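K.L.:
Quick one: this structure, given as structure tokens, is what I'll be asking you about.
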Amino acid sequence: MLGLGTLARKIFGTPNDRKVKSVRSLVARINDLEPEFQALSDEGIKQKTAEFQRRVQEGGESLDDLLPEAFANCREGARRALGLRAFDVQLMGGIFLHQGNIAEMKTGEGKTLVATFPAYLNALAGKGVHVVTVNDYLAKRDAEWMGKVYAQLGLATGVVYPFQSDEEKKAAYAADITYATNNELGFDYLRDNMKASKEEMRQRGHFFAIVDEVDSILIDEARTPLIISGPSQDRSDLYTKVDKLIPELLEEHYKLDEKTRNVTFTEEGNEFLEKRLLETGLLPEGQSLYDPESTTIVHHVNQGLRAHKLFNRDQQYIVRDDEIMLIDEFTGRMMRGRRLSDGLHQAIEAKEGVSIQPENVTLASVTFQNYFRLYEKLGGMTGTAATEAEEFMEIYGLGVVEVPTNRPVARADEHDAVYRTAREKHDGIVASIKDAHERGQPILVGTTSIDKSEALSDLLKTAGIPHNVLNARQHEQEAQIVADAGKLGAVTIATNMAGRGTDIQLGGNVEMKVMQALAADPAAHPDEVRARIEAEHAEEKERVKEAGGLFVLGTERHESRRIDNQLRGRSGRQGDPGRSAFFLSLEDDLMRIFGSDRLDKVLSTLGMKEGEAIVHPWVNKSLEKAQAKVEARNFDIRKQLLKFDDVMNDQRKAIFSQRLEIMETEDLSEIAQDMRYQVIDDLIDQHMPPRSYADQWDIEGMHRAVQDKLGLDAPLAKWAQEEGVDQDVVRERLCEASDRQMTEKAEAFGPETMRSIEKQILLQTIDAKWREHLLTLEHLRSVVGFRGYAQRDPLSEYKTEAFALFESMLNSLRQDVTQKLAQVRPLSEEEQQAMMRQFLDQQRAAAAAEAPVAPAPQPAAAAPQPTPELVGAEAGEPDPAAWGNVARNDPCPCGSGLKYKHCHGRLD
């Protein structure tokens, strides 16, 4: 009997069905326009683009009104440039993306082409469109491939990748459509907000982004902060000493919670720890583990414990070239340049005996959650998003629409087979692989870690089954292994690397076969080679289809159903036959951690024999419920963390906005004056309280403060003795004196130089104060959770204190800027000559030694902004000796944004 919900869906359709139905009329209009656009010449297509741009940018026509014509033009452009005519379902996907949704499209449905439609339409507004990919290879490939379509339509394409020059990046962002990775977009946003002038900024705004593999970037990577950092003090010796203590710990000294991936010391552990730290001298005599002074060493020991108990080699990381390379748990790929924060990475380096890199100080940071919420409109594509639809809507305001496939999915998804032990499961897996291999059916075996993929490989070697292994160790051969994975009888063991972005074609990859054949015989005629290989491929593909298509075999369930669905999605592309199954055991991590006891009792009751597996829909439902609970818990964690992140994000936007305003303003003397007056007000309130008499004023303290902050030797004691002098009179006289002082400085430096000095000091001080503030907020964040024990809401406490800290930072900023401007002065003739001699000596020494030298000391006002270091990238101090002859009116090579004569070429 049908339930009421099922009956209603049969009559009215699902919400997704209604969304799909709502755009069919638009697709029909695009199809009706097809003959009109097919009749256009190549130049006519470009002219249509120019016409659309005028209608949007000058005529005020909406993009929605223009959609049918723009999509029809884009379809024709793609047909001429690539020989590909977009299917109706691809047009649907493009419409949903333009409307600010996530289009869930299965493997092989042509998502790359789909993105061109909304990208083209939105680029007509002239504000730039960003197409976001998960790695640099895909960004370059898609930009080159789809760039042909945009060129046919008369639009420019740019691609952004690491280590480009500022000019190259600026040109890429200025293009109509820009391809880039999520990492590079985020880092460029941070770098732009550390620039000295607006002209140096690369990005031109955040109008519309299309995010490929959107669930990976906005869910899996959501909490990953992008950090631009600089080096701090080297404490490698401390990490090494702490690491030697960890193996001495017994099980009763700590408590490991696998569900939350957390490890904490017990009371016995703390006592043992204090004793050993005192013995090794890491804790000073007479100091307790609970003293505030012990916070740092306790933090390092905790990180050492986490490194040993929660991070395992070949699971969470691998060791390569004297480095710890982290592995993405969702994709199984190495994450180059990614480091764990708070000293945890250094603790792992000490554990593995590799070189310990110094910790880094955060200069600027942003999470993907907050970066992508900067865009006016956002769209995304993936093969798996439905299970996270609630999170996409709540956090990003993105709806999820499942786009129908062009051909029905012919893959058979079998129920999970559950064994009692891992040994029995592995026996079942090997038997199943052997059976499929003998029938000629290609098999993709999904594992969750490197060590498990290699353990299974050993079992297959013992069984005499030829196979390939794809994991982070063999990532260089990825393209070849994936190309061969669909061949007759092929067996491929892979970590989660094969779960996303890989297109396994039945019978193998034709293009790869053609390339290999031509490489082996360069004299062969390409057309003849292609014709022969295509004929052979068609025959092999039919044989693979007869064998059942690609068999995807999962060896464990992941915490997230999405990752499992991604693995299944490798099979059954574009209507091809296929099969998927998961082989599990009660010893698997997910089963063990999330309650295999009940299932174990059921299996015992059924009287299962050795090597038997239970296969039943009930088991699947139980597992999916467990996964849904884990997903809900992870969502709650991400949602709660986002509330904390939003506090910093609001402050970041305020600071970056203020910074941009300063860069855009030519004359900052008024801002500097406002800051000066505020500092004077604060000093008077502090030393001459309201409603107090002159004999109650702290004249001595006020005199010192005025000298220190304003650089003025004001006769405050004399003023205080005058009749009728109150706080307002003192304020007015100090303001006048400070204004006279700054006017004299401007005359001494020259107006242009003074404006440049004010801008540089303001920007440098903002950056320095923001760095300190980030560190303070990190410390507050790490301890505020304990307020919950006192029945106080940690989030409310964090908001209140973070706001107070922000106000304190702004106050400190005003004081520092005022003080620096008061101290800056032109150099005397003797100082100028001494500096020039030192500079020339350095140049001669550098030329003789052919080695870089540190730049000469400079006055505060003329010092260049330090170059931030990105973790994993090399950045050094600017070296004037290597610049050669620089014209005095040219931009300074240090990158400060000033002319050379006002920066490193200053004679004063």
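Each Cβ is built from the backbone N, Cα and C atoms, and glycine gets one as well.
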K.L.:
Swiss-Prot records Q90, G108, E109, G110, K111, T112 as ATP-binding residues. Which of D484, D503, D521, D527 is assigned to the same site?
P.N.:
D503
K.L.:
For which of the residue intervals 768-806, 846-884 does Swiss-Prot record region 'Disordered'?
P.N.:
846-884
K.L.:
So of G108, G110, which of the binding-site residues has the fewest other Cβ atoms within 10 Å around its own Cβ?
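P.N.:
The binding-site residues G108, G110 were compared, and G110 has the fewest Cβ atoms within 10 Å.
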K.L.:
Counting Cβ neighbours within 10 Å across all chains shown, tell me which of the binding-site residues Q90, T112 comes out on top.
P.N.:
Q90
K.L.:
Take the mean position of the Cβ atoms of Q90, G108, E109, G110, K111, T112, D503, the recorded ATP site. Which other residues of that chain put their Cβ within 8 Å of it?
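P.N.:
Near the ATP site, beyond Q90, G108, E109, G110, K111, T112, D503, sit M105, T107, L113, V114.
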K.L.:
Among all the protein chains here, how many other CB atoms are within 10 A of the CB of E109 (ATP binding site)?
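P.N.:
Looking across every protein chain shown, the total is 23.
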K.L.:
Taking the residues Q90, G108, E109, G110, K111, T112, D503, which the record names as binding ATP, find the longest CA to CA distance and state it in Å to the nearest whole number.
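P.N.:
Taking every pair of listed residues, the largest Cα separation comes to 18 Å.
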K.L.:
Sort K111 (ATP binding site) into helix, strand or coil using the DSSP assignment.
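P.N.:
Its secondary structure by DSSP: helix.
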K.L.:
Restricting to the chain of D503 (ATP binding site) and a gap of 6 or more, list residues whose Cβ falls under 8 Å of its Cβ, or answer none.
P.N.:
T107, G108, V482, R573
K.L.:
What count of other C-beta atoms do you get within 10 angstroms of the C-beta of K111 (ATP binding site), across all chains shown?
P.N.:
23
